[in-house]
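> As listed in TrEMBL for this protein:
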- 124-151: coiled coil (COILED)
- 482-518: compositional bias 'Basic and acidic residues' (COMPBIAS)
- 476-523: region 'Disordered' (REGION)
- 553-586: region 'Disordered' (REGION)
- 6-26: transmembrane segment (TRANSMEM)
- 46-65: transmembrane segment (TRANSMEM)
- 77-101: transmembrane segment (TRANSMEM)
- 278-295: transmembrane segment (TRANSMEM)
- 325-346: transmembrane segment (TRANSMEM)
- 366-387: transmembrane segment (TRANSMEM)
- 423-442: transmembrane segment (TRANSMEM)
Amino acid sequence: MPIFWRVVYWTSQFLTWILLPFMQSYARSGGFSITGKIKTALIENAIYYGTYLLIFGAFLIYVAVNPHLHLEWNQLQTIGIAAANTWGLFLLVLLLGYGLVEIPRSYWNGAKRGYLLMKTYFKAAKLMTEKADAEETLEDVMEEVRKVNESIKYNHPLRKCVDTILKKCPTEYQEKMGRNMDDYEDFDEKHNTYPSEKSLVKLHKQVIYSVQRHRRTQVQWQILLEQAFYLEDVAKNETSATHQFVHSFQSPEPENRFVQYFYSPTVEWYWECLLRPWFYRILAVVLSVFSVIVVWSECTFFSTTPVLSLFAVFIQLAEKTYNYIYIEIACFLSIFFLSICVYSTVFRIRVFNYYYLASHHQTDAYSLLFSGMLFCRLTPPLCLNFLGLTHMDSSISHQNTQPTAYTSIMGSMKVLSFIADGFYIYYPMLVVILCIATYFSLGTRCLNLLGFQQFMGDNDMTSDLVDEGKELIRREKRKRQRQEEGENRRREWKERYGHNREDSTRNRNVHIDPKESDISTNRSASKYIRANNRTERDRIELLQDAEPLDFNAEAFTDDPLESEPGRYQPGGRYLSMSRSRIFDDV
């Protein structure tokens with residue numbers, strides 16, 4: 001186990017402090033070569049690495065100046081671990097304080113259909129604004145690409161960079177711009193001003209970001225429409241007397257037969273309209289009890305003489321009876337709930353459009369790598385905090401117990417006593433303040449005062465956005481209804497008259513007379529002759545001066561249109577297939 005924990009711990013530390021930040025800058029770079037991207041990533045991470053080296057140097061100086069401490073390799077390793085865990089514990093308490101309140105409240109509000117529908121309308125209004133902004137930004141960037149595409153010709157050394165940028169553009173813009181191959185003059189003859197490679201790198205970066213954002217808003221808009229339509233269907237079906245769930249729109253994908261058999265419209269009505277709200281309420285109550293236990297234990301886990309931490313009480317009761325299975329179950333459920341509270345908050349974080357985790361594979365590489373850094377950074381302090389809650393960490397409980405495999409690789413925290421005896425014990429108590437602030441939505445109210453639109457039920461701006469979103473959803477619903485009605489009419493028309501038309505056409509072709517076939521052919525030919533415009537007649541009259549290769553006096557007529565090459569003649573043959581052997585010279 002110590003070997004296993006060493007591999008896991010140092011691998012996660014290498015990822016979160018060295019590799020993932022480098023990959024983040026590499027993915028965000030707009031360079032056109034691997035060397036250019038690596039150079040950009042190294043420059044951007046120089047400040048990042050320098051900041052943490054400064055913090056580590058401060059701890060190192062503290063240990064070196066302290067006369068009671070002797071600097072050794074194990075102590076140096078302990079200082080590095082303590083510095084990383086201190087930063088991780090700071091993030092852990094912030095995220096945990098939000099998740100302990102928001103997760104039970106989200107399930108409790110999930111039982112309120114009216115609340116969910118209003119929030120969906122609010123999201124629709126905000127997303128439409130973001131969608132319009134993304135489309136406008138994409139148009140501006142594509143205009144810049146068009147100018148660059150027109151200025152840099154085919155033989156310019158930077159033409160390969162322009163082609164790389166064009167490949168990242170949407171298909172419709174690629175078809176409009178195409179490749180500039182019309183002008184074959186040398187690029188240096190007129191001494192025009194051309195963009196530099198640095199400006200093309202910046203443009204490449206803007207194209208990648210704008211295209212990703214535009215695609216993300218389009219997909220999220222479709223998902224939000226489906227969610228709004230479904231919530232409106234639930235609201236309508238709650239008063240249904242037949243107890244069968246009726247959808248406004250049919251699903252585009254065919255459902256599985258197994259799902260259709262067991263999840264019938266009656267079962268769906270009982271689940272969506274009757275059972276699901278009560279299930280969410282019960283789940284919210286259970287999660288609230290777990291949250292209260294976590295908050296109480298975070299504030300009292302330092303007390304060992306009367307054991308006040310409920311996690312420690314449960315584990316110590318199992319130790320007396322040597323019930324190892326109960327210890328495993330209790331530890332698993334505890335860590336599982338803590339992980340949900342912490343990690344789910346990571347998915348809710350949104351720093352403008354700079355960092356944003358979007359569903360349905362619409363998250364960019366930068367945000368994915370940033371979330372991976374947070375996960376690697378939060379896991380070690382989360383495990384250490386859990387060991388402190390259960391009094392398994394001897395450096396916190398101050399008991400002469402056998403250390404766990406995880407705490408054995410941490411080293412003795414007595415090297416930094418002000419962290420082991422101060423920060424690790426008293427800082428988690430701040431989770432109470434964070435929970436109170438989350439319960440009263442202080443962060444949401446502050447963002448709303450700063451101009452960032454947040455969903456608040458008692459706000460005039462929220463009401464206006466809800467009405468705007470409701471109108472947008474209604475407009476999209478009418479548009480989709482018209483499309484479905486048109487498709488249904490075309491389908492009914494094809495089913496009703498398609499077979500009759502095919503049968504009548506087949507019978508007409510079977511009973512037609514050969515003479516009538518020639519007459520109909522001549523009629524269609526004459527109709528085609530009358531339909532030709534003046535330009536076609538002028539073109540054929542100009543070609544009449546030259547004698548055709550398959551000239552035949554018997555088939556020659558005065559009308560130039562009837563002597564057109566390839567035209568079917570009443571005699572039953574084509575002029576181009578005459579007996580003059582025009583292919584003998586080939």
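Cβ coordinates come from backbone N, Cα and C, glycine included.
For the listed features, I'd like the structural context: burial, neighbours, distances.
Within its own chain, the transmembrane segment (6-26) has Cβ neighbours under 8 Å at 37-38, 40-42, 44-45, 48-49, 52, 84, 365-366, 369-370, 372-373, 376-377, 379-380, 409, counting only residues six or more beyond its boundaries.
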> Give me the mean pLDDT over the coiled coil (124-151), rounded to a whole number.
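Across the coiled coil (124-151), the average pLDDT comes out at 92.
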> Does the transmembrane segment (325-346) reach the transmembrane segment (77-101) with at least 3 CB pairs under 8 A, where each pair is 6 or more residues apart?
yes
> Let me spell it out: take the transmembrane segment (423-442), skip the flanking residues so only those 6+ beyond its ends count, and list any with a Cβ under 8 Å from a Cβ in it.
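Hits for the transmembrane segment (423-442): 86, 89-90, 93-94, 96-98, 100-102, 105, 291, 294-295, 298-299, 301-302, 384-385, 388, 395-396, 413, 456.
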> Taking residues 6+ outside the transmembrane segment (77-101), which of them lie with a CB under 8 Å of any CB in it?
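Sequence-distant neighbours of the transmembrane segment (77-101): 13, 17, 55-56, 59-60, 63, 291, 294-295, 338, 340-342, 344-346, 348, 374, 377-378, 380-382, 384-385, 410-413, 415-416, 419-420, 423-424, 427-428, 430-431, 433-435, 437-439.
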> Using a Cβ cut-off of under 8 Å, list the residues of the same chain at least 6 residues beyond the transmembrane segment (366-387) that approach it.
9, 12-13, 15-16, 20-21, 23-24, 27-28, 84-85, 87-89, 91-92, 95, 311, 331, 334-335, 338-339, 342-343, 346-347, 355-358, 393, 396, 404, 406-407, 410, 424, 428
